[in-house]
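> Handing you this structure, nothing more for now.
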Amino acid sequence: MDGVVTDLITVGLKRGSDELLSSGIINGPFTMNSSTPSTANGNDSKKFKRDRPPCSPSRVLHLRKIPCDVTEAEIISLGLPFGKVTNLLMLKGKSQAFLEMASEEAAVTMVNYYTPITPHLRSQPVYIQYSNHRELKTDNLPNQARAQAALQAVSAVQSGSLALSGGPSNEGTVLPGQSPVLRIIIENLFYPVTLEVLHQIFSKFGTVLKIITFTKNNQFQALLQYADPVNAHYAKMALDGQNIYNACCTLRIDFSKLTSLNVKYNNDKSRDFTRLDLPTGDGQPSLEPPMAAAFGAPGIISSPYAGAAGFAPAIGFPQATGLSVPAVPGALGPLTITSSAVTGRMAIPGASGIPGNSVLLVTNLNPDLITPHGLFILFGVYGDVHRVKIMFNKKENALVQMADANQAQLAMNHLSGQRLYGKVLRATLSKHQAVQLPREGQEDQGLTKDFSNSPLHRFKKPGSKNFQNIFPPSATLHLSNIPPSVTVDDLKNLFIEAGCSVKAFKFFQKDRKMALIQLGSVEEAIQALIELHNHDLGENHHLRVSFSKSTI
């Protein structure tokens, strides 16, 4: 460890703590300990202790186990989707690096993203943690010329003033005034491509704000708006020409002449991820005339990535089961989503990086109202829940074990941040690999339940249509399995008695076994689903409740 300490103090790292490199690895297999000599070179042969608490968030991040031949630009590329990278310190001899983001918020977003999804550089996993240091001071230090050159190049690209290739050509660069909107055409559309599929793929390269899908000239097309033109550039650079599914659904990506999208409705054709309050509308949204005209425009077409001097085309995103964006410079393979995705079992990016981690830690629950059964019903919307454990001594926390890591990721993505019984639920991946049942005679108060063989599992049948009807929580619920004798008033009164305010209701015209009911808020709908899913309606019919993608 002395070697690391000496090197870091020599290069002028501004210390925020007396401990150096002592915090726990956020997404690594073990915790680094400052007293263990082998942390200097990332030696896996040593056993690392788990006796150190994680560092508090810092805009300086510590990267471990970086490849010995990695470039400065490749390290920088890990941080670019999350914000501006302001400094870099490489310790190649120790397979380590320090990356400084412009803000602590950007660093937190980056760590949160890479917690369940281990990033790869040159096909090698890289582990990221907060540093004890609050700032990197590398002025006038030897061997920093390459790092500073890479940072300056990236800064120039982000401001649109320099070609990535370092020459006069504008090929593969972010042009001045380049649009954050991409125009996407799907060729060889053998399998359906949904708005959710596009969001999953393109969100790997930055924050997706809006998507509009449409069909023109018998081709499925989309307009997709990023928060930043740089994100759009990287997405086009990596994804243009790639296949979504094996040997089909090829992405053809151009830059749009539009600089912003006007989304009027949130439905299966269009989505504004910044405006969850938008109505569903009927069918394809109406478009403003300039936008409609733009559908036929070629857009600002940038040439394929020409290869930058020292700048990696790969953004360092992890390979995953199914959908993968390899992080090997210059080698972008197909985005092959496994065939199981066609039946709804799409691989969630990064889930393969946490084998067997199907347990979620759910926090900030209302201890007076939450029950294991309630969590089973709610999380069961997004996968088959096997076990639930509410903490005996801290009843606002619980563990939820899903059938697999994909389902855990899906439930976490949809439910974390939702309000439930007056509190904002938080869900993260747990360090536990399974929920243990209480030993015989152990006091538990019924807080641990095994639902492994529950008949209420929604996804136990392979290829079930339920896989195609997974939607985020909304104020509108989809009701099914309604017997013929049950009336509109019967169902309205059922929800009113459960404490809900019913705003609208309608039966499906072609099938009165199904209906939509719109409640006063998303929180009301979540609580109603917990309360009334599987409610006995008589005539051997139990009500089925799920979130709807539609509004009334």
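Backbone N, Cα and C atoms are what each Cβ position is placed from, and that goes for glycine too.
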> Candidates are K92, K389, K423; I want to know which one Swiss-Prot annotates as N6-acetyllysine.
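Checked Swiss-Prot: the N6-acetyllysine annotation sits on K423.
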> Could you let me know which of S56, S454 shows up in Swiss-Prot as phosphoserine?
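Matching S56, S454 against Swiss-Prot annotations yields S454.
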> Choose the correct range: of 120-140, 435-455, which one does Swiss-Prot annotate as region 'Disordered'? Give that range.
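Going through 120-140, 435-455 one by one, Swiss-Prot gives region 'Disordered' for 435-455.
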> To the nearest whole angstrom, what is the C-alpha distance linking K423 (N6-acetyllysine) and K65 (SUMO2 cross-link)?
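Here the two Cα atoms are 39 Å apart.
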> Would you mind pulling the DSSP three-state label for K65 (SUMO2 cross-link)?
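Reduced to three states, the DSSP call for K65 (SUMO2 cross-link) is coil.
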> Per DSSP, what is the residue tally for the domain 'RRM 3' (358-432) in helix, strand and coil?
19 helix, 24 strand, 32 coil
> Could you round the CA separation between K65 (SUMO2 cross-link) and K216 (SUMO2 cross-link) to a whole angstrom and send it over?
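So the alpha carbons of K65 (SUMO2 cross-link) and K216 (SUMO2 cross-link) sit roughly 48 Å from each other.
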> Quick one: DSSP breakdown of the domain 'RRM 1' (59-143) into helix, strand and coil?
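Once the DSSP states are binned, the domain 'RRM 1' (59-143) shows 25 helix, 27 strand, 33 coil.
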> So how many of the residues in the domain 'RRM 2' (182-258) end up helix, strand or coil by DSSP?
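Helix, strand, coil within the domain 'RRM 2' (182-258): 22 helix, 34 strand, 21 coil.
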> Mean pLDDT, the domain 'RRM 1' (59-143)?
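So the average pLDDT across the domain 'RRM 1' (59-143) works out to 84.
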> In the domain 'RRM 4' (475-550), how many residues does DSSP assign to helix, to strand and to coil?
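The breakdown for the domain 'RRM 4' (475-550) reads 21 helix, 25 strand, 30 coil.
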